[in-house]
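Taken straight from TrEMBL:
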TRANSMEM  39-59  transmembrane segment
TRANSMEM  71-90  transmembrane segment
TRANSMEM  102-128  transmembrane segment
TRANSMEM  171-189  transmembrane segment
TRANSMEM  227-248  transmembrane segment
TRANSMEM  255-272  transmembrane segment
TRANSMEM  284-304  transmembrane segment
Amino acid sequence: MATSPPHPSYPSGPTDGVPFAGPGTAGSLRHAHWWQRAWVRYGALSTLLAISGLVILALVREETGTEGFLVGLGLAVLPVPLLIAAFRWLDRVEPGPWRNLVFCFAWGACAAALIAIVANSFATRWIATATADPSSADTLGATVIAPVVEESAKAAAVLLVFLFRRRDFTGIVDGVVIAGVTATGFAFTENILYLGTAFGTDQLTGGTGIASVTAATFFVRIIMSPFAHPLFTVLTGIGFGLSAISAARRPVRRIVFPLSGLLLAMGMHAMWNGSSAFGEYGFFAVYAAFMVPIFGLLTWLVIWTRQRELKTVRAELPAYAVAGWLTPAEPYALGSMRARRIARQYARRHAGRAAAREVARYEAYATSLAFLRHRARRGGARADFAVRERELLGELWRRREVSRPALDHAARITAPPVPVVAPPWPVHGVYGYGYGHQPTPYPAYNPYRT
């Protein structure tokens with residue numbers, strides 16, 4: 001079995017060189033059963049999420065009251081745009097489709113939250129009845145039941161994307177983004193419940209201002225730990241990401257990685273929920289000793305992975321430049337976030353917003369192509385490698401007229417000059433310097449400059 005893909009052939013044009021349809025595409029679904037059709041699956045999933053949303057809305061409103069619900073909603077929504085923007089920033093190298101993120105957020109806010117509320121309440125009541133000790137039941141429910149139920153419910157969204165949107169799930173960053181957005185939706189609903197309940201308590205006790213329960217809850221959940229739920233679930237996402245980049249010949253790893261990530265997420269969640277059992281300052285001790293360092297470590301890991309992805313783009317795309325699919329300057333430009341931004345700005349300035357969007361799509365397809373080839377060279381090629389490669393090349397070919405000038409311009413702007421050092425003896429007429437002159441960096445030959 002080949003361990004690397006064949007060298008890409010030279011393009012002969014958008015029609016005879018790039019097949020845009022083939023086996024396994026729309027034509028093969030002609031005889032599919034009705035339940036296998038895309039609109040049936042989308043409709044069933046949308047209906048499930050809509051019903052879950054209505055039920056969770058009714059449950060939270062019943063728990064908090066209308067006024068408490070509105071207050072909780074207004075406060076809980078504050079960190080959501082910041083968290084979503086952070087995850088989208090991480091995903092800029094190979095941005096996934098928005099529909100995946102919408103699904104993940106909706107799953108976390110509706111389906112996962114509903115599962116958690118129902119399962120946690122049932123389990124806690126059952127333990128309280130069996131032990132006749134409501135206090136111990138609450139503690140056990142928070143430290144054992146809740147982490148298992150909630151992390152499993154959130155992991156279900158990651159699993160669904162991993163199974164049914166496999167092309168959009170190509171590595172660790174994708175796992176982090178999908179898991180993080182799911183957890184952001186879950187935390188949003190949970191914060192509405194906690195903040196609305198705190199507001200109701202203040203209404204009964206007359207608490208106002210900084211000393212109120214609402215202010216304390218807001219400080220702990222929105223100011224200090226808006227990243228708590230995303231941090232837990234990101235561990236699951238990393239596990240699925242490692243599974244995605246594992247070679248097909250190592251099936252054990254592809255199962256162990258997601259399970260290990262899920263168990264770590266449950267453990268972190270349990271430690272966080274149980275921090276109150278460590279004394280008056282247990283919360284702050286766990287926050288400072290574990291949450292902040294782990295948050296910093298995971299942030300570094302994701303950014304480092306992001307930089308590795310850019311290096312992969314620069315390493316894999318030259319093969320397509322040699323074959324004529326790309327210009328020599330494009331691999332460098334596509335492997336630099338600054339060059340990508342300059343290319344989009346150039347296209348917008350000279351051809352309008354539509355051209356800038358086409359350049360952005362070109363960048364995304366080229367990145368997917370680089371990752372596809374990288375996985376294939378490492379022995380992870382799937383059965384549809386050739387078909388997928390030609391599809392991506394076709395997308396690039398259709399956008400080459402508007403994208404190539406922008407990327408070539410960006411490469412000329414951002415390609416670093418190569419210093420040429422003058423020899424220690426005087427050479428006149430070549431470098432123009434004699435003794436006593438400091439060597440000056442000159443731009444040497446660079447294929448990315450014109």
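Placement of Cβ uses the backbone N, Cα and C atoms for every residue, glycine included.
All TrEMBL annotations are machine predictions without curation.
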Long-range neighbours of the transmembrane segment (71-90), counting only residues six or more past its ends (CB under 8 A): 60, 64, 101, 105, 173, 176-177, 180-181, 184, 188-189, 191-197, 199, 214, 218, 222, 226-227, 230, 302-303, 306
Same-chain residues at least 6 beyond the ends of the transmembrane segment (102-128) whose Cβ lies under 8 Å from its Cβ atoms: 45, 48-50, 52-53, 55-56, 59, 84, 134, 136-138, 140-141, 145-146, 149-150, 153-154, 156-158, 160-161, 178, 181-190, 193
Tertiary contacts of the transmembrane segment (171-189), as residues 6+ beyond its ends and Cβ separation under 8 Å: 56, 60, 76-77, 80, 83-84, 86-88, 90-91, 93-94, 96, 100-101, 104-110, 112-113, 116, 150, 153-155, 157-158, 161, 226, 228-242, 244-245, 298, 301-302, 305-306, 309, 371
Intrachain neighbours beyond the transmembrane segment (284-304), with Cβ under 8 angstroms and 6 or more residues off its ends: 90, 172-173, 176, 224-225, 227-228, 231, 234-235, 238, 268, 271-272, 275, 278
